[in-house]
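Feature annotations, courtesy of Swiss-Prot:
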type     : residues : note
COMPBIAS : 145-167  : compositional bias 'Polar residues'
COMPBIAS : 208-218  : compositional bias 'Polar residues'
DOMAIN   : 19-71    : domain 'HTH cro/C1-type'
TOPO_DOM : 1-111    : topological domain 'Cytoplasmic'
TRANSMEM : 112-132  : transmembrane segment
Amino acid sequence: MNTEATHDQNEALTTGARLRNAREQLGLSQQAVAERLCLKVSTVRDIEEDKAPADLASTFLRGYIRSYARLVHIPEEELLPGLEKQAPLRAAKVAPMQSFSLGKRRKKRDGWLMTFTWLVLFVVIGLSGAWWWQDHKAQQEEITTMADQSSAELSSNSEQGQSVPLNTSTTTDPATTSTPPASVDTTATNTQTPVVTAPAPAVDPQQNAVVSPSQANVDTAATPAPTAATTPDGAAPLPTDQAGVTTPVADPNALVMNFTADCWLEVTDATGKKLFSGMQRKDGNLNLTGQAPYKLKIGAPAAVQIQYQGKPVDLSRFIRTNQVARLTLNAEQSPAQ
């Protein structure tokens, strides 16, 4: 009877109460149980008061109760019904897995952005290349046009400078036709006197007149020589005037150009006169004079060295950009584009 009553009384007790009674029978304190089980005193107190800590999972709580029961020598089978009530197994809340659609969407958006960036980059590179090619082609066409224009001007100048056919018909000197026969004695007397030859006049290269020997004889015979006839034999020859030779003075506005490679250029002075227009070969040089300021067009600035008023002209800005040089040289040597 006493055994059955004790069994019924144990069943009436909760799990926490049975663990507390067993601890007190063994003379253990909550602090001693907490130290042996490596638990907090508050956790041991919650177990004895049948409280389930909110921050403690049911699996851990059941494990702590079993360890406590073994410590106070209570069979685990007797505590199982109470464990189901005090610490029921709760289904773990599984957090829903985050879909990868967001990552895929972001990756797709990044892919479109990268594609658009590359497309813009290719368009910029293509436009830059097209602009450079058009500029280069325009410069080449301009140089070709200027060269053709120069060739046309040179050909027209050569056609205008062709020699005109000369009239070589012999003209009769009226002095020789009207000379009476008595002039023969005069010419005979002249043959005995020393003949003073006058210096031959300079021949103009622009004149293409040709004098025949017969005309030269007629002119010599027609020239009166009374002075030679009256000059005694021992007299000194008549003094002749000698043309004074003058050294040309260097023009302060002279434009000197030396060429290190083939180059096309055109030079115009202030009056609009073209001092030069055409091609200059390598190692050539030009020395031009005119009325300042000069206007220059140079197809290859790197191939020419210019000196104006004895000072070099800076063409570096045209050489760096590799373009046709257009500049004006004024009296103060300040080239302006």
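Each residue, glycine too, has its Cβ placed from N, Cα and C.
Nonlocal intrachain contacts for the transmembrane segment (112-132), taken as residues 6+ away from its ends with a CB within less than 8 angstroms of a stretch CB, are lacking entirely. Secondary structure counts, DSSP: the domain 'HTH cro/C1-type' (19-71) has 38 helix, 0 strand, 15 coil. Within the model, the domain 'HTH cro/C1-type' (19-71) shows a mean pLDDT value of 86, rounded to a whole number.
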